[in-house]
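Each remark here refers to the structure printed beneath this line.
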Amino acid sequence: MSDYKDTLNLPETGFPMRGNLANREPEMLKRWYDEDLYGEIRKAKKGKKSFVLHDGPPYANGDIHIGHALNKILKDIIIKSKTLSGFDAPYVPGWDCHGLPIELMVEKKKGKPGQKISAAEFREECRKYAAGQVEGQKESFKRLGVMGEWDKPYRTMDFGTEANIIRSLGKIADQGHLLKGFKPVHWCTDCGSALAEAEVEYQDKVSPSIDVRFVAADEAATLAKFSTPEGHQGEGELSVVIWTTTPWTLPANRAVALHADLEYVLVQVEAHGEQKAQRLILASELAKSVLDRANIEHYHNLGFAKGSDLELLQFNHPFYNFTVPAILGEHVTTDSGTGIVHTAPGHGQEDFVVGKKYDLEIANPVGSNGVYLPDTELFAGQHVFKANDSVLEVLKEKGALLHHHAYEHSYPHCWRHKTPIIFRATPQWFISMDQAGLRAKALEEVKSVEWMPEWGQNRIEGMIEGRPEWCISRQRTWGVPIALFVHKETAELHPDSLELIEKVAKLVEEKGIQAWWDVDAAELMGEEDAANYEKVLDTLDVWFDSGVTHFSVVDSREEYNFPEEERTHSADLYLEGSDQHRGWFQSSLISSVAMKGKAPYRQVLTHGFVVDGNGRKMSKSIGNVVAPKDVTNKLGADILRLWVASTDYTNEVAVSDEILKRSADAYRRIRNTARFFLANLSGFNPATDIVPAEEMVALDRWAVGRAFAAQQEIIKSYDEYNLHEVTQRLMHFCSIEMGSFYLDVIKDRQYTAKKGGHAQRSCQTALYYIVEALVRWMAPIMSFTADEIWNEMPGEREKFVFTGEWYQGLFDLAEGEEFNNEFWTEIQAVRASVNKLLEAARGEKVIGGALQAEVTLYADDALIAKINKLEDELRFVLLTSAATVKPLSEKTESAKATELDGLFVDVAASEAAKCERCWHHVADVGTIEGHEEVCGRCVSNVDGEGEERKFA
């Protein structure tokens, strides 16, 4: 016999080396949906302990971006890992469907409601537009391998959800948290609507910084408050000086505010050149800086007074014909300015609070479009930001402008329009943070939640401690109505508001939100009441829509109908970007505490934003945008999923072509490891060929033990949401424990041992156990590839890997086992040391390959005792044709030191002939009649009982 190739156990599998994921994944997706994979998972997990990850709804507008992909893939990985851990973990994806961005898109095509199109038609067009956007995003998410209730997602515009949003408002009102007030709110003049805190972002803006004089109305009364030397009361006009960066708010000024405990100085500005004599009141600490910037060099102090002494003194408005009082406020500081604060209660939260205390007029001369109202003296019809220059001109004319310069500062902007916003007092509906103890209860509930990372707790506590009332009303067309009736004269809520809300909710459940605008009040409350009450026509903040989904979705959908005793909270986990501490996490917490007295979630996990390889934000103008569709079309979704799982997503997450290439390289290593397992399981039937654990070759037992240890760590990391630890452990297992050692050592035995003999079957048993575990470790992350592996594995099995649980067939090495982990760790160290010398010998042309070598190991007694346990099988571990062990005392001069203490190695080229079958150089090659080209071991493996392997 001269061709021994057919006698080898060569690897064979239908699992290709190349993933070709971009082409193959869509075929797998089709099968998943044709065979209802998600439905199969639900059936398999029915009755198991529940795990609810509630999906924060993305906005139904535009294509998905890489941040969406990161978020949805993270959720999908966690859901799938929980499923494998034996939980019933449904996933109902959601969409936020009301609000301004959708209105703006529809306005472009159809015009503004009430002009070219009726409000009812406009709402219908918004609904159609949002539905189309949902469908587009849905297909993109499905392509990423995300499993869920895609046929029945939740949309905040679904009639049932809209009805439940209205019911949520009723519950909050019933608990005493609803408030109507005329208050300053963040107002976007482009939106023409109030904004929630979460809709405000801060950007740098250049504004005029001005110091303005308010002349004392009663000079004598003002002077009397200062401890001036007798007869030295100074000369010139007497004024307080305020500082502001919003000159446009001066028409609404109704007071100047001082701090009760601050010291104020009366400064005499001396006549000098063009400088007229005048007297200025300033905070002592700030006087020098104010005078310096006004280029006033010649001055002296006349006297001092406490802020509390100056309360209720009157000063002339700088350009209107009325006086304003000096009032006291804790918000006044000496951080900047003059120590005296211009107070316009209609244009600032602190001004409003202090104005209420002094019963000041809440002047609001600005319309919803940011233009001064027609009756605004001097400035009617001007846009407020353009009016700054006009205000400065008037101040100069009146001689009231002490100083001005351009000032760059952080200023609130609309998150949609990216334009500066204003504070504007309007009648609005609020959820009060304090009138029924909501703030205190919310802060208490924060402590009951597990925040990951931990800093999330401090962040949200700080935000809740400092936040104003939640303005929930909007002056928009496309939104859930604030379905309340108020008395036409007293503006009080109808006494039966809760019952009326339920009636409206039932109508909305049937016909959608348009029902509110269509219904006649008399139908709900009778003619008599209808004559005295009117509908509220405002809509709800979209953050309210999404914030109450713990009730409108989780508490209401059949998918989440788990036993009450399992449900400590509506959801187990909320997982979103770190910006949601001020957004969805907070709106959900506040609404849930207001409705139910407890947090809506047990755990909150946040991820960072996606940046490019240089840490820059994604931007079309920079050209660094990575689109999910481009990645899936080029590399496949599994590469994107592996990228997500490989990052420490609690910080910023970097992505670039180079980073994705690294993910693709890591993927190839894992895929090739899996392919080795599958190819070497050819001809193996688990039903008949499994070798009992106690009869397995020692090295095979060790490999299964390593898989057992890896699985424990991997499951723990999945449970703790440390996905990058999962991928690190997976890579280490595949590349180091398997690839660099075990798989390398077993190739000889696997390929050359007797087909179906104990030596081969022991090895295949280990490979089978390991791939059964490996495919499950991979499934949450590389879902497509895991499915592909699953379908190539031997033995009877369920249709999908995703319906099962972690593999239970692995075992750990028994305690006290002779060939334990410590033993194999030392053997690997010996092998690594020998390998370095083999490489050197190859470089020096002493040998061609490792199998041409014979090595002699000179070792100390302790090491010899370990190495000799492998007997003649040491050579198989070292991949050499022969390996001899001798005491250190017999070391020859040619033996070289290794990195291991107590080990020297001599490498020599074997003089024996090469076996044509196993390629080992063995002395008995050519001595066996009829088999002159092969060694005795191969003859036994081909025609005899096969070699015996105990250790390796």
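Note: Cβ is positioned from N, Cα and C throughout, glycine not excepted.
Note that this is a predicted model, so its numbers are computed, not measured.
Copied over from Swiss-Prot, here are the features:
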- Glu576: L-isoleucyl-5'-AMP binding site (BINDING)
- Lys620: ATP binding site (BINDING)
- Cys915, Cys918, Cys935, Cys938: Zn(2+) binding site (BINDING)
- 58-68: motif ''HIGH' region' (MOTIF)
- 617-621: motif ''KMSKS' region' (MOTIF)
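Recorded features from Swiss-Prot, shown on the structure.
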{"residue": "Glu576", "record": "L-isoleucyl-5'-AMP binding site", "DSSP class": "strand"}
{"residue": "Lys620", "record": "ATP binding site", "DSSP class": "coil"}
{"residue": "Cys915", "record": "Zn(2+) binding site", "DSSP class": "coil"}
{"residue": "Cys935", "record": "Zn(2+) binding site", "DSSP class": "coil"}
With the cut-off set at 10 Å between Cβ atoms, which of these binding-site residues ends up with the most neighbours? Options: Cys915, Cys918, Cys935. Cys935
May I ask which residues of the same chain, at least 6 positions away in sequence, place their Cβ under 8 angstroms from the Cβ of Lys620 (ATP binding site)? none
Rounded inter-Cα distance in Å - Cys938 (Zn(2+) binding site), Glu576 (L-isoleucyl-5'-AMP binding site): 60
Quick note, Glu576 (L-isoleucyl-5'-AMP binding site): same-chain residues at least 6 apart with CB under 8 Å of its CB -> Gly56, Asn71, Gly583, Trp584, Phe585, Thr606, His607
List the other residues in this chain whose Cβ sits within 8 Å of the Cβ centroid of the Zn(2+) site residues Cys915, Cys918, Cys935, Cys938, in sequence order. Thr752, Glu916, Arg917, Trp919, His920, Val922, Val925, Val934, Gly936, Arg937, Val939
Express the predicted model's confidence over the motif ''KMSKS' region' (617-621) as a mean pLDDT, rounded to an integer. 81
When secondary structure is assigned with DSSP, how many helix, strand and coil residues does the motif ''HIGH' region' (58-68) contain? 3 helix, 1 strand, 7 coil
